[in-house]
Structure formats: C-alpha cells, structure tokens
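What TrEMBL says about this one:
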COMPBIAS  857-866  compositional bias 'Low complexity'
COMPBIAS  897-911  compositional bias 'Polar residues'
DOMAIN    191-253  domain 'Transient receptor ion channel'
REGION    831-922  region 'Disordered'
TRANSMEM  347-367  transmembrane segment
TRANSMEM  379-400  transmembrane segment
TRANSMEM  406-424  transmembrane segment
TRANSMEM  431-450  transmembrane segment
TRANSMEM  470-488  transmembrane segment
TRANSMEM  517-538  transmembrane segment
TRANSMEM  558-584  transmembrane segment
TRANSMEM  648-670  transmembrane segment
Amino acid sequence: SEYRSQGKNSLNPHQLRRNLMRIFINFCSRDAEIDVQDLQLTPAEKKFLLSAERGDTVTVQNIIEQYKNQPDEFNINCVDPLMRTALISAIENENIDLIKLLLSEGIEVKDALLHAISEEYVEGVETLLLWEEEHHKPGTPYSWEAVNQATSTFTADITPLILAAHKNNYEILKLLLDRGATLPVPHDVRCGCDECVISSEKDSLRHSQSRINAYKALSSSSLIALSSRDPILTTFELSWELRRLSRMETEFRMEYNNMRKNCQEFSTSLLDHTRTSHELEIMLNFNGALGNENWEPGERQTLERLKLAIKYKEKQFVAHPNVQQLLAAIWYEGLPGFRRKGMVGQLMQVMKLGAMFPVYSVIYMLAPNSQMGKFMKKPFVKFICHSSSYAFFLLLLGLASQRVEYLILELIGTPWLLSLLNEWKKHERGAMPGFIECFVILYVISLIYGEMKALWEGGLVDYAQDLWNIVDFISNVFYVMWISLRFSSWYTVQKDAKAGLNPWYPREQWDPFDPMLISEGAFAAGMIFSFLKLVHIFSINPHLGPLQVSLGRMIIDIIKFFFIYTLVLFAFGCGLNQLMWYYADLEKNKCYHLSAEIPDFDNHEKACSIWRRFANLFETSQSLFWASFGLVDLMAFELQGIKSFTRFWALLMFGSYSVINIIVLLNMLIAMMSNSYQIISVKRILKDFQIGFVEGLLSECLNSSQGPKDVFTQIAKAIGGKGEKRSSGKDWNAVVSSGAAARDPIGNAQNFQMRRSKSSFRRHIMENADKGMSMDTEKILEINPKLSDVTPKTRVAYVKFMSKAMQKDGEGKSKELEKISELSQVTVKLHSEENLDKNKGNEEENEQSSSKKENDSGNSSNQQSQRKIRIKPILKNPIEKPPECNPSAKEEENTPKSDSSAVTGNETEFSTLDVKGLQENS
C-alpha cells in the first residue's frame, strides 16, 4: 500500500501474485531464512528504491556515493516488500543506463538475467550476459544458480535458454544460441538413473514440473526454427512424444496437450507460407532420410512427409486446405474436367469406368506401359476399378447365398434338370463347390494374396494399426475356414463311400458339428464382414465419410456401456439360474419323456419351449439378453412344480433387471452417444474424414518405397527382446551418460565470433568458387592464414574443393572428413607438381651433365613415391584427423562440447586445413 501510494503501479497482477505467494510460503515455512526485520527499509533505502523505480539515475548515483561507507544506513542490495532489488526495477523499466550504473557499483545480480528475459528486454539481456561472462569463474555456479531457492522467483531448473523458449522470444533465443548455449534433452519419463531416482524421492512434484518446463521450452516454435534443420520432422516427433507423456502422466495431461497443440499449430503454419504448388510438392515429398537424394520436379510423387504426418496423427497438417488441394489434383489426375461436371455427368463417367474394369485389368496385366495401362495407374481410375471389382465379388457372394444354380434349374423346369436337381440335393453333404462358389474361391485367393503382400511390404505393426486390415483379416480367416472345412467334408464323404457306408443322408440327421455345417457358418460370417467393408469404400464420399467418423467415435461409448451391461447380465443370470434350474430340469424331462434325443412337441409343446430358458447359466444369460428386446414373456416363469415364493422372488429379480438394464442403461447409452456426437464438432469430424480420405488416397495411388520386411523374424526378435529384458535390467545410468550433453547455459562471445567467422568463410567460398584465378586469393588468407605458404594456384584449388564439400554437406560428418582428407591429397599433389616444374627447369639448365640429370630424375621419382607413402597414413582413417589439420583444435578443447541430445545453433562447422603441415609431412 505504501508503494502504491507513491505511484508504484508498474507491477502486473501476475508478478504481484507470484511474489506475494513466495513471501507467504517463506513466512509459513519453519526453515525459512527470511526475517521480517530484514524487509524493514531505512529512509535512504526507500528513497533509493523509489528513485530506481522512477528511473532517476542521478539520484541513485548520489545516494550510492553519499552512503557508500555507511552500511548500517544503506545497503545497495536492499529489497522492497515484494522482494525486488533496484536492479530488477531498472530491468522492468528498461533503463539500460541505470542497469550499467548498478552493475558498476557492485550490486548483487542474482537472478536479474532471468528477470530481463522474462521482461523480454533484449538490451538488458545482452548487458547481463556480458557481465556474467566477465565475472563468472569456471567451476562455480552462475549468479542465478547461487540464489537461495527460498527467495528466488524462478526454480532451479530454469535456465536462460529455457526461460527464453518459454517466452518464445526469437531475438533472445538467437542471441543465446549464437553464443553456444545448450539445452539438454530431458530424461525419459521412465528413466531409472540415480539422478532421476534421487530427484523423485526428494520432491516428486518438482521432478515432474522440471520435465514439463524442459518440454515446454523444446516446443517453442522459435527454438525449433533456430535449432532444427528439419522443423516439420522435429515438431512431428515432439508432438508424438508429448502425446505419450500426456498418457503416462495423466495429472499433467492438460499441460502436455497444450504443448502438443502448439507444436501442431507451428508445423501447420509453415504450410501457409507455400506460395506455389511447386513449393508445396517439395515440402510434402521431402524425405530427410535420403540426404541430398530428394524429390525433384517431374519425378513420381512419394508424399513421404504426408505419410509421416498420418503416422504421427497430425490432423491439422493433413487437413490443411493447401494439402487437400494438392491431393485433389493428384486424385483426379487423368480425368480433366471431372470435378466441374454435374452429378449426372460424374455418375455416368464412374459407371463407364466401373463397367470397363475387366478390360482395363487385362490390358494392365498384358501391357502395363501402354497408354491404357498408364491410364489404369491413375489414382481415381484405380480406385473405381478396385471398387467395381469388389462390388462384383459381393454380387457373387449374394448369388452364392441364394443358391442361384438351384433357382436357375427350377426356373427352366425340364424333367431332366429337375431330376438332376433332386440328385444334387440328395448328395448335398460333402458336395464339390458350385460354379458361383468357384469364382468366390478364386476371388478369396486373390484377396488373401493382396493382404499378404501388404503385410510383407508394410510390416506387422503398420498393418495392424489400420482397423480395416483387421476386418479383412477376420473375413479371410472365415473364408479359409470355409474352404478347408468344405474339403474336409468332401474327404469324409469319399472315405465313408469307399468303406461301403452311406454318407448321404438328410440334413436333419447330420451331426451338430458336421464340417459342412461349420463351413456354412464360417461362410456366412465372412460374408457379413465382406459387406461391412463397403463402409470403408463409402468413406471417400463427403456426405457418408463424416458419418462414418462419428459412428467410429461412438463405438467407444458402446464398449463402455457393454462392460457395465455384461456385468449386470452375468449377476442376474447367476441369481435366476440358482432359483430356476431345478424346475427347468423337470420341464426338460417332461419334454423328452419318449426319447433322450427326440422332443415331444405334439403333446408337450409348452415344456419343450420354456425348459431352455433357465437350464444353465449360459441359457439364462441368453434369456436375459433377449429380454432386453422384449422377446421373453412372463409365461417362461410358469414352470412345473415351482413354488409361489420362488416364482415371486424370480419375477422380482427379473423386474429389477428390466429396470436396470432396459430402462436405465439403454437410456444412458443413448445419452452418452448423443453427448459424444455434440462434443465432436463438425470441423473436427471433417478433419478426421480428411485423414481417412488421405489414407485411402495414399493406399491407392502410392506404392511403398520401402523394401519387404520379414514379419516372422521381427516377431521372433520381439519375443527374444522381451526375454532379454526379463533376464537383465536396463542400466539407466549408462543410457543417461551416453546421451548427456555438456551443459553451457549461456555460452560465450568467443563461440559467437567463431561461428561468424566460419559463416563468413563459407559465404566467401561459395561466392568465389567459380572465379578461378581471377579471385582475390589474398582474401582467403584472412580466413585461413595457413595458406600463406602456398601458391595462388593451390589456394584456388582449395576454394573449389571446399565449395563442393559444402554443397554435399548433408551426407554426414564422416563423409565431410573424407573430403577434407581428399583436399589434403589434392593440395599435396598440386604442390608436388610445382616442385616438378621447378626441377625440370633446373634440369634444362644443367643438360651438360647427363649423370646429374639422371640423379635428379631419380630423386624426383623417389620424392613422388615418398609423397605417396606419406599421404597414405593421412588418408587411412579420415575420421581421426591429426592435430595440425585443425588450427582451432586447442580452442575447441576449452569449449564445452555438446552431444546430439542438446539443442544448439544449426550452423555447419568447417575445419580449416593446415596445408603447411601436410607439405612438411609430404
């Protein structure tokens, strides 16, 4: 109140609440190191803090000089009631002169750098970074690390780079990354190293929040743009990791989901900057795994980046209008003007393509490179032909289910055909497949071959991720069962016939588990799944596709409902069966009083109808299930010999079941499905539909570029891997130490200057590579003084070779070192040629002494062989460079090295060549 009365209103509400909370926690803590007396200010300190708040640099300087030798009256490190020093006030007011004055007077910096980053004050950050670099001693903590955590505004895990990433400030992040600041990747959530175990035991909340802070920094769009060579791939992988963390740490699911949303929005926003279809095609066809061998215009589009987006469930990326427009152009390729036609015109063209699918298929198999064969490869044409072929397969299934051969023979109705039909009916058991069934078997074999090919090319994991592949697998299993059991039935009949038995008898006398009956059941089940596959084909329709997505979402609600429904069903089934089993057994004996296998429906129809209702637990559960649809009446409880109390108690239980399952649970299911449909907005449904559309497009128009995978070997390796995990635990300390990066929170100016010089070196080489001898060779000496002892011709060769090495930069560090070694060989050869020219000049001057000429030529040849011998050990292992090949090796030894797990700047490093040292070796 005192400070607000003096006009101190610059503190925002968030900072006010945060500081007050820190003070409150410190006062309430038993081991607090703050005393109330420490916060009482003298008049000089109040005036000092108020002047600092107002930006009165002159008054602040006068107060410091006036009370310099009076520590009891004035302390330059005094804090206001909100725990802020004069330096913090100067940072909040962005007064750089006051900041420099306070630093020169020796004020304690503490966490001022973090406050400057929090205020996004770039000039203040630069000043404090220089102060840290000048005053920090190696091996000691930085100023913000040495602050007492009881009074610190920021937690111990917050570093300047993390805080700048939280603020998503591009300028400060670039400043820190140019200085070489690093951000180690956080440990895995299941990490069991000593550091994680101790941290979790000491403070589990702080341990989890430190991981959240680290991932929040990694998800910063500015940090990704500055530190990643492939920002889209980085956001995809980070989004997937955050999705995994949100499922493992459910308490912080909202925080992880918000970070994942930021990553998805950043990757999607990059698509907004594509101005032409060419740029969009380059972005979607890029494959970082191929290095420099990426997609070029005119080649077949692979859409590798789009496949990756579908794999990582990046719905916003796939549903972006630019992506959808490109996919629509690819989808309708080969059919110009199709989208501009009316509904009737489109329908006629689709029917034409569908009717011609046998012709197109035959031509494609005979001449795939012909004009018609290439037309068959178009995505939409291929989809129509596949759909027409599958529709013909469903027509064959329908004809087979209706026994169309029998119907045709009955329709013709000649005596000979009718007698033939009767003979077929008598020999129905174990009969060979009919004409239509043979076509069905041929189709089934082709479908199974297609599924096996997809499984072989994509692998077991990718195959199982698509639920429609599971539907195809189940239907194919039923068809294989149908074919196998039909063959088994035929074999059994032929075996009985050879033994002199009569295997052909009426269907009602067959065994309940006769192979023929089981095969018919498997065929019927496979037929159901095949017809349901049409839903997947309809997903291409913009009207039916979103409805399929919403139905798929509601399946989760149905599964939840059936879990409770089954529990209630089983509970009441056990109770009713306990009451009614004895009286149901009496009704069964009454029904089968003539024979144990033939029921007496003529005289005891009621007993034969109701004895199954409560015969056992399975039958009782079935009765209760059908009661949900009103198919069980109260007459089922009128059993022979039942007592009044038992009947009353059973009816009471049945009524309770009806109220719970039929009235409560069914209506609850309807409410859940309605609520789920309302939660899923139309926009989200369309995004999911577009995901399904793209998956169908990719499966139709693109073939996998990956080689076949041995599925069974992968399964065996997975089983073996599990066995190894059981036998030996994972050494988390070794994992962490192998992936740990050298921590350098702020870097230093020397790293920045080194990066600038190397960047200037790269730019100069790329600009002057094609000038030849006309380039300024003296300019090269400013970058690499080692070239001062060689001729201009050698310097030109050096520049040309380095330009080629830079163009092929993406091939990896090992190849880069090989090129540097090749450069040393080229330099030595050029130098040796110059020496040979000099030797030849000397030989022409001394032509009179032939013996001396021979000696000189022999010496030159020996020198060449010695040079080659000396070059070999240099090029033997290009990765292990000698110290003299790298003039900055000593400097790099003193600077902290970062592992691949640390996020740093993405400038490419190029080592200069010690040509003089190589010449001396040669």
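In case you wondered, yes, glycine gets a Cβ from its N, Cα and C as well.
Within its own chain, the transmembrane segment (406-424) has Cβ neighbours under 8 Å at 431, counting only residues six or more beyond its boundaries.
As a summary of secondary structure, the domain 'Transient receptor ion channel' (191-253) carries 53 helix, 0 strand, 10 coil according to DSSP.
Same-chain neighbours of the transmembrane segment (470-488): 433, 441, 444, 447-448, 451, 464, 515-516, 518-520, 522-523, 525-526, 529-530, 532-533, 536, counting only residues six or more beyond its ends whose CB sits under 8 Å from a CB of the stretch. Residues 557-558, 561, 564-565, 568-569, 572, 575-576, 579-580, 624, 627-628, 634, 637 of the same chain lie 6+ residues outside the transmembrane segment (648-670) yet bring a C-beta within less than 8 angstroms of a C-beta in it.
Residues 393, 396-397, 399-400, 404-405, 424, 472, 476, 479-480, 483, 486, 490 of the same chain sit 6 or more residues outside the transmembrane segment (431-450) yet have a Cβ under 8 Å from a Cβ within it. In the predicted structure, the domain 'Transient receptor ion channel' (191-253) carries a mean pLDDT of 90.
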